Amino acid sequence: MANQVIRCKAAVAWEAGKPLSIEEIEVAPPQAHEVRIKIIATAVCHTDAYTLSGADPEGCFPVILGHEGAGIVESVGEGVTKLKAGDTVIPLYIPQCGECKFCLNPKTNLCQKIRVTQGKGLMPDGTSRFTCKGKPILHFMGTSTFSEYTVVADISVAKIDPSAPLDKVCLLGCGISTGYGAAVNTAKVEPGSTCAVFGLGGVGLAVIMGCKVAGASRIIGIDINKDKFAKAKEFGATECINPQDFSKSIQEVLIEMTDGGVDFSFECIGNVKVMRSALEAAHKGWGVSVVVGVAASGEEISTRPFQLVTGRTWKGTAFGGWKSVESVPKLVSEYMSKKIKVDEFVTGNLSFDQINKAFDLMHSGNSIRTVLKM
């Protein structure tokens, strides 16, 4: 099949705001420096829903969404040297070419090699590998895991331990890695520190896990849904609070609880007002606040400059700061050695045909991650 078109099932988003449609598509062979992957498992993330909603300024249709997946290499294009058919892999929405100035700088993981074409929903040569009903279908985040087969750039693939369970480690393609890395890489949480995590979805839970691994002594979870508190405590939160239970602002509450503010705070929602609260809950002189959540297009953050003049630091993170190709295999190893949790993020499994139900579960607030088995 290596040089042939593959016919398979995919969940196509024909237009914004409509449910995904399971269709038969054609997947073209990989071109030079591309890899065709048989997806074994994929999860549904809020980023997929954000683009499907039509709110994403980079969102283009028709498209095959999905960016938390894992699978097996089916074939490779010309010039691919580090991967071969049969390799177990996780596709990556932030690549690592190893050559651009971003890859060569230890301070960032934001490889720019294929950014322009990826943002347009195309492969690096400016075309698509997907066709449905005679029409080209766009790629998404360079991964498009909502398909039985996908084609990705060879710099957007992490080769992992073949014994890893793909219906679990697919989650390391986005949410868990993002939250965990926000704590250990971006914030660099210190032993004995006090942390506050705003938003207790999958990413927030991963931040809590990272804070615990880093040795934080106090981890305060914050959410308006108290049903999420028990799970947060399982992941390492020492206490949880609901902002709606207080008459004063949440930053005032946290400052009182912590004798002046927290050492590290994390916004895992994508709400610019909460981003301000998280910054202002950080301790004067040394507090660090990390923006993890992705705000809607056009939103702006604000605070009084005095908050920064008096020693607080405001930072952002993408994919937890991990240089992807080299780091994801290590994260899989950490999971296999039980240093980090992954299984506990999976709240359900569904067949691929039930993908729209997985979106409904996510919107209900009762699920962390639903994994689809292809």
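Heads up, the Cβ atoms here are built off N, Cα and C, so glycines get one too.
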Cys45, His67 bind Zn(2+) 1 in Swiss-Prot, but which of Cys174, Cys195, Cys211, Cys240 does that record place at the same site?
Cys174
Nonlocal neighbours by CB distance (under 8 Å) for His67 (Zn(2+) 1 binding site), same chain, sequence gap 6 or more:
Cys45, Thr47, Asp48, Pro91, Tyr93, Phe140, Met141, Thr143, Ser144, Thr145, Gly173, Cys174
Cβ-centroid neighbourhood (8 Å) of the Zn(2+) 2 site, Cys97, Cys100, Cys103, Cys111 excluded:
Pro95, Gln96, Gly98, Glu99, Lys101, Phe102, Leu104, Gln112, Lys113, Ile155
Looking at the modified residues listed here (Ser247, Lys315, Ser324), whose Cα lies nearest to that of Cys100 (Zn(2+) 2 binding site)?
Ser324
What is the Cβ neighbour count of Lys315 (N6-succinyllysine) at a 10 Å cut-off, with all protein chains included?
15
Work through the recorded positions one by one (Ala2, Arg115, Ser247) and name whichever has its CA nearest to the CA of Cys103 (Zn(2+) 2 binding site).
Arg115
How many neighbouring Cβ atoms, not counting its own, are there within 10 Å of the Cβ of Cys45 (Zn(2+) 1 binding site)?
23
CA-CA, which of the recorded positions Cys97, Lys233, Ser247, Ser351 lies nearest Arg115 (site 'Important for FDH activity and activation by fatty acids')?
Cys97
